[in-house]
Amino acid sequence: MEQKISVALKEIKRGANEIIGLEYIEKLVRKYYETNERFIVKAGFDPTAPDLHLGHTVLIQKLALLQQYGARVKFLIGDFTAMIGDPTGKNETRKPLNREQVLENAKTYKEQIYKILDQKHTEVCFNSAWLDALGAKGMIELCAKFSVARMLERDDFAKRYKENRPISIVEFLYPLLQGYDSVAMGADIELGGNDQKFNLLVGRFLQRAYGLNKEQSIITMPLLEGLDGVQKMSKSLGNYVGITEEPNAMFGKIMSVSDDLMWRYYTLLSAKTLEEIEDLKHGILHQTLHPKAVKEDLASEIVARYYDNDQAFKAKEQFSKVFSANLLPEILLESDFDEGVGVLDVLKQIGFCPSTSQARRDIQGGGVKINQEVVKDESYRFVKGNYVIQLGKKRFMKLNIN
């Protein structure tokens, strides 16, 4: 029993930025092993875009892990709060979505998350179920439990207040409503990104304020770096891997990450144990394993998770064909730009380079091709047409210039 609990806690802590209330988590896991009684784990997602990428799955993978140790996952789609817009980390007021946009974006979430989570022990919730019913009286009671001074402890709010930038009252409501979700759902544990710590602590505080006889533990997970290894994975930055992408594109993108970033992806995305990952590192260190083969295993694992082993095998074969013969892949990702855009800006915006300075160095080093011709002029600008831009041997993208 003690050995099982020790292993469980080690895996739960894996990759986490911070855990608040570890003793309570241990108590919950122990009770599950003794009585088979499951505990409630909550994680919320605002459906501001229709598709999930690997950055989102860091939390979902941790939810799946917790299911192995007794969690009943409540996967919260914040259809109500998405209409406010999470201001976390923003230096200006964020434009909210309307309900039609939110519900449209949420349509594919269930199909996507069940590629990772055990459906039997997962409940998908929408926070409009209780927040719509809260009403004016309930909202005032909720606001009365928190002070403006406490709100201004949040770095992003404090910065905007100091710089005389606008902060709407509605934005103050976001962490309160997210915290109230924990009250309504009776969460034992809440997961969130490390930028969400303040909001998660509000939930813990409100559970006490509303008289619940528990105080949720908190697990914060890091934001996954995108393919560039610099900025967080984001569709808007072009450095993402979507979980609904074609297998070949998914495999090729994962193979494009640096060897150092590969270990970050292993820790946060792979189902391999920490011991197995250490064995892989040991193999590379002692030259019994090649980094490319280890990266191929990671790419194969991730493709198989969202498709199947056969698709993963075919994607690996396709990548080997492209890599060895320096051929263009059959499936290319696409980006649209306006006529006149410069090659330096394109390389940065599609996530091939973290900065225009790096893009300039890559061009000077002969590493950038357009339609398989080496780019020598860093001031090159695109005219209307279709192009394939390439960085190194493995990174390709189709450009549609309008």
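The backbone N, Cα and C atoms fix where each Cβ goes, and this holds for glycine too.
Here Swiss-Prot gives motif ''KMSKS' region' for one range in the set 97-101, 117-121, 212-216, 232-236: that range is 232-236. Ranges compared are 47-56, 157-166, 377-386, and Swiss-Prot records motif ''HIGH' region' for 47-56.
Residue density at K235 (ATP binding site): 14 other Cβ atoms are found within 10 A of its Cβ, drawing on all protein chains shown.
The list of residues near the motif ''HIGH' region' (47-56) in space but at least 6 beyond its ends in sequence, with Cβ under 8 angstroms from a Cβ of it, reads 77-79, 82, 85, 97, 102-109, 112-113, 223-224, 226, 232-235, 240-244, 265, 269, 302. DSSP labels the residues of the motif ''KMSKS' region' (232-236) in these numbers: 2 helix, 1 strand, 2 coil.
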